[in-house]
Amino acid sequence: MKRFMKLTAVWTLWLSLTLGLLSPVHAAPDTSVSNKQNFSTDVIYQIFTDRFSDGNPANNPTGAAFDGSCTNLRLYCGGDWQGIINKINDGYLTGMGITAIWISQPVENIYSVINYSGVNNTAYHGYWARDFKKTNPAYGTMQDFKNLIDTAHAHNIKVIIDFAPNHTSPASSDDPSFAENGRLYDNGNLLGGYTNDTQNLFHHYGGTDFSTIENGIYKNLYDLADLNHNNSSVDVYLKDAIKMWLDLGVDGIRVDAVKHMPFGWQKSFMATINNYKPVFTFGEWFLGVNEISPEYHQFANESGMSLLDFRFAQKARQVFRDNTDNMYGLKAMLEGSEVDYAQVNDQVTFIDNHDMERFHTSNGDRRKLEQALAFTLTSRGVPAIYYGSEQYMSGGNDPDNRARLPSFSTTTTAYQVIQKLAPLRKSNPAIAYGSTHERWINNDVIIYERKFGNNVAVVAINRNMNTPASITGLVTSLRRASYNDVLGGILNGNTLTVGAGGAASNFTLAPGGTAVWQYTTDATTPIIGNVGPMMAKPGVTITIDGRGFGSGKGTVYFGTTAVTGADIVAWEDTQIQVKIPAVPGGIYDIRVANAAGAASNIYDNFEVLTGDQVTVRFVINNATTALGQNVFLTGNVSELGNWDPNNAIGPMYNQVVYQYPTWYYDVSVPAGQTIEFKFLKKQGSTVTWEGGANRTFTTPTSGTATVNVNWQP
């Protein structure tokens, strides 16, 4: 959804007030810890569980797997869920303004110590799973996990779990004794291992060279045993496992390696979550510096999950850390991503994480990190702070970027930057939901405005550490008043004076200076800021967040279909819960009209699914093509494009599982229904349909299936 809104020209009498006096801060349902669908009002703190705090030494691994000194960063160091609980209870996280934590994958991992190039390695990171239905005992018991959920919720903190359904653990096709042979267990019962895989639980196509999307999906990541999601047992197992963690009360899911799993299976996986207990879900698809991937944005817009915004992270690092781009490049990223993401405010923004060098360098200027944090916390999206950033941790690539947290100081400037800015996401909807507009710029300085209705925040950053910036001609949407810097001057910010028409008085922004000024007011007409989940079947309750909905029930529209009465589960001024009506599957615009009939903005790209989803692999043989021509699939349901060649599924693959002239693709389709479908060849705008009658297939009610047919001339 594009959130550029018209500026208003309604001005008040001259006031010398800060925002705190202009508008009192009050709790709203959209900002509640119970809102599992919307994280735009939250600040996430990513915790590598083993490296955060050791709250229970009794659960530390023994022998070669453990290094209490944390000298070998590839061994366990002792961090656990009790340690996180302790740091919630003592106020370290809440004092920083953190309202969501993202923890390492909680499932049971392998116990083997693997020697790579003379260095012992363990599953301290949580990504070498063996049983997705049990806990990693080094982190804690199932009761410890429940205690973490309860403690976090009692302190208004949501809990996101990492989840890695792409693979189990390292394995060797030649040596079944290597590590644990990638074995997969179901609550303690062995399902199978990588060698002698008679049940076809895993892929066996060798390791990926990352040359194509297909190559990365169906071949192993390094030596990790790659799960076969087209296997019904694997499919049902993983979906049952995530339901178990949802039942335990998790509020969000980060899905690892989404680029390396079938997109159709992932859509059915998301449908399972959204049709069961929907929570905010985001995936990891790595992008390099200056990389813009159409497939990346298509996944974000069509899979039902958001993404870690690597495009944002890489550009922020270029501009604030490495000085390899300037503020015009930053502006271009913000404006370009606004177009490419259907819901830009749902993407998870960050400046570093466990898969890249830490932002701060050992001898680097701390102000660079502080400015990057301020930028992330006030920009569109859902900000995620990597543990230790507030303590200026440095470190190169894995494992040096995963060291033990050295301190829990609450007096660092970085901690205080987070502390002062994080609450804005709940108190000012311009930060949570607003559009972004550049208001003043040169190579080293950017002043941008976030705006939602008449709520406004203005952010000024001068990355030049030696030269002040003379700011003249600045015009904002702030009302006529004098505004104190929300940061309180800790980054050398200043007061901003705004006159008639939003014109700011000239001022000097100090070298390395950063300031935030804001204004809030109540909305009198409805404005939608967030909808979640963005994909589900009829009858599922979704959450609409925003402002100005009023206290009495109005109407929610899915396209032209009006929903009123009992199908509106709850209606408050900042949040509506509504059941998806019984409309045909497809893409819909959502809008709201309050009880007085005032209409909201349109929130677009909502997908109504035809029903519950399963994954079907469609295989077409003998489909020869000309150079530049590809094979696609369409059919009579929205999941297959409703017979529209422009919305057909594909291009299909033809290199790994099957080879040309056989093509294949894994597709999410309605469960337990007889569907019609056909294949077609496309080259640009030229479409060639296969002959014969429409094909039919009755999909399974659960699990997966394969359709294997020949091209009809």
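Glycine is treated like the rest: Cβ placed from N, Cα and C.
Listed features, source Swiss-Prot:
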SIGNAL    1-27  signal peptide
REGION    28-165  region 'A1'
BINDING   ASP54, ASN56, ASN59, ASN60, GLY78, ASP80  Ca(2+) 1 binding site
BINDING   TYR127, TRP128, HIS167, ASN220, LEU221, TYR222, ASP223, ARG254, LYS259, HIS260, HIS354, ASP398, ARG402  substrate binding site
BINDING   ASN166, ILE217, ASP226, HIS260  Ca(2+) 2 binding site
ACT_SITE  ASP256  active site, nucleophile
ACT_SITE  GLU284  active site, proton donor
SITE      ASP355  site 'Transition state stabilizer'
DOMAIN    608-713  domain 'CBM20'
REGION    610-713  region 'E'
Whole-Å Cα distance, ASP223 (substrate binding site) to ASN166 (Ca(2+) 2 binding site), is 12
Integer Å value for the Cα distance linking LYS259 (substrate binding site) with ILE217 (Ca(2+) 2 binding site) is 7
Residues sitting within 8 A of the centre of the ASN166, ILE217, ASP226, HIS260 CB atoms (Ca(2+) 2 site), not counting those, run HIS167, HIS203, THR208, GLY216, TYR218, LYS219, ASN220, LEU221, LEU227, ALA257, MET261
For the binding-site residues listed (ASN56, ASN59, ASN60, ASN166), most other Cβ atoms within 10 Å of the Cβ sits at ASN166
Using a 10 Å radius on the Cβ of HIS354 (substrate binding site), the other Cβ atoms enclosed count 19
The rounded CA-CA distance in Å from ASP80 (Ca(2+) 1 binding site) to TYR127 (substrate binding site) is 15
Here the recorded positions are ASN56, ASN59, ASN60, ASP256, and the Cα closest to that of ILE217 (Ca(2+) 2 binding site) is found at ASP256
In this structure, the one of the recorded positions ASP226, ASP256, GLU284, ASP355 whose CB has the fewest other CB atoms within 10 Å is ASP355
Here the recorded positions are ASN56, GLY78, ASP226, GLU284, and the Cα closest to that of ARG402 (substrate binding site) is found at GLY78
For TYR127 (substrate binding site), the nonlocal same-chain Cβ neighbours (under 8 Å, six or more residues apart) come out as GLN105, ASN109, ASP162, ALA164, ASP256
